[in-house]
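Before I ask anything, here is the structure I am working with.
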Amino acid sequence: MTDKEQVVIYTDGACKGNPGRGGWGALLLYKGAERELWGGEPDTTNNRMELMAAIQALAALKRSCPIRLVTDSEYVMRGITEWLPNWKKRGWKTASKQPVKNADLWQALDEQVARHQVEWQWVRGHTGDPGNERADQLANRGVAELPR
């Protein structure tokens, strides 16, 4: 499938302190059009912001569609492609019977993914990928715009 036929989404999270003030950002591209999304939370973690970026980007789409979602988060990538099916089978417990961290957001992401046909792609962060760099800027904007 070409990028002209699917929505391409770049997501990123940022945190000043972990936990600390955090932001998430997403860049959505479709047929030459762009949409930027960002937000933040005063007390959060980087992993939660990475998840929020993906959740908010997918939730922003009004109807089911094919998507290529690009993330630099190994946590999100491995969680959605490797760990999630087993967490669900175990009632949101890890292999060591511990509650899954950020289960609320993993469940929200799972709900959003079910609405679409998502192809996941991992990229190394901060290596000059234009979409990833834009998502990073948006995530940092999410932090910067939090009230002090």
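From the backbone N, Cα and C atoms, a Cβ is placed for every residue, glycine too.
Pulled these features from Swiss-Prot for this protein:
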type: BINDING; residues: D12, E50, D72; note: Mg(2+) 1 binding site
type: BINDING; residues: D12, D136; note: Mg(2+) 2 binding site
type: DOMAIN; residues: 3-144; note: domain 'RNase H type-1'
type: REGION; residues: 125-148; note: region 'Disordered'
When you tally the Cβ atoms that lie within 10 Å of each candidate's Cβ, which of the binding-site residues (D12, E50) has the highest tally?
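Ranked by Cβ atoms within 10 Å, first place goes to D12.
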Other than D12, E50, D72, which residues of the same chain sit close to Mg(2+) 1? List them in sequence order, counting a residue when its Cβ is within 8 Å of the Cβ centroid of the site.
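Filtered neighbour residues, in order: T11, G13, M49, A53, T71, S73, V76, G125, N132, A135, D136, A139.
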What's the CA to CA span in angstrom from D72 (Mg(2+) 1 binding site) over to D136 (Mg(2+) 2 binding site)?
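A Cα-Cα distance of 10 Å.
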Long-range neighbours only, meaning 6 or more apart in sequence with Cβ under 8 Å: which ones does D136 (Mg(2+) 2 binding site) have?
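Result: D12, A14, G25, G125, H126.
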